[in-house]
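Visitor: The following block contains the structure, expressed as structure tokens.
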Amino acid sequence: IGMVAECKDGYLVGDDGCKMHCFTRPGHYCASECSRVKGKDGYCYAWLACYCYNMPNWAPIWNSATNSCGKGK
């Protein structure tokens with residue numbers, strides 16, 4: 001019997017609701033941050049933010065519909 005695991009890809013978000021920036025970070029930064037949320041891999045994308053692959057569904061990712069970046073808490 002096989003087990004199906006749901007995974008998603010997307011931009012990591014910080015506590016402030018903004019995409020996790022990587023412009024001034026070392027090359028391995030995004031891959032390390034993605035693995036912290038059990039993602040399989042990640043890189044610094046053209047928007048200069050960390051993009052992760054194969055993260056579990058519970059991991060928070062940036063979504064334009066629910067964007068809270070810069071809106072305060």
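Backbone N, Cα and C atoms are what each Cβ position is placed from, and that goes for glycine too.
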Visitor: Considering the candidates Cys7, Cys18, which is the cysteine that Swiss-Prot reports in a disulfide bond with Cys69?
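Guide: That record, Swiss-Prot, gives the partner as Cys18.
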Visitor: Determine, to the nearest whole angstrom, how far the Cα atom of Lys71 (lysine amide) is from the Cα atom of Cys18 (disulfide bond).
Guide: 10
Visitor: To the nearest whole angstrom, what is the C-alpha distance linking Cys52 (disulfide bond) and Cys44 (disulfide bond)?
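Guide: Here the two Cα atoms are 9 Å apart.
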